[in-house]
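Enquirer: Below you'll find the structure I mean.
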């Protein structure tokens, strides 16, 4: 029996797709309270004008989190989590998981990809991800922004109810509100993130900056 040399396995597009989405969901579970605090701070000025309040309810990130826990309970920090996970599974999967496939599409299957090709691939997957996942983003932000009413009720009773309510009251276009600014933002962000990562990884591999000493790890070959 002769030992065989292990081959480098290249992940398929499906593995990259679901791997990117799963990783993003795990990250979202950790950072979701910070995202909720960000949304509350962003809409606070509008809430003050609408409700006629004279003082700001939230001050700073940790002040916002503390206030929400005290007035609405700890669970309020995770309002919209289901929609947030749906967003990450659909958004990050396309944005990150399809980047290599899109890069190969622009290079027509060749291995060489210049900076322009990478930028095009990053812009494309960033824009595609937003166009596909925008309804989940709208519902997530609506849940994060809503405060429990005086009678204990809420505008949306659940994630699916939110999709239905928005589509019924505002039309299907309501689920894609803010889509164009979001596409522009994420196309730029995707280029900055993925293209930079892609080029740094290529340089690291090219100059053997982080290679494994296979001589030390080499297993003995047994003959029968």
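Cβ from N, Cα, C; glycine included.
Sharing the features that TrEMBL gives for it:
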- 11-105: repeat 'Solcar' (REPEAT)
- 113-203: repeat 'Solcar' (REPEAT)
Enquirer: Going by DSSP, how much of the repeat 'Solcar' (113-203) is helix, how much is strand and how much is coil, in residues?
Expert: 73 helix, 0 strand, 18 coil
Enquirer: Reported in the order helix, strand, coil, what are the DSSP residue counts of the repeat 'Solcar' (11-105)?
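Expert: Secondary-structure composition of the repeat 'Solcar' (11-105): 78 helix, 0 strand, 17 coil.
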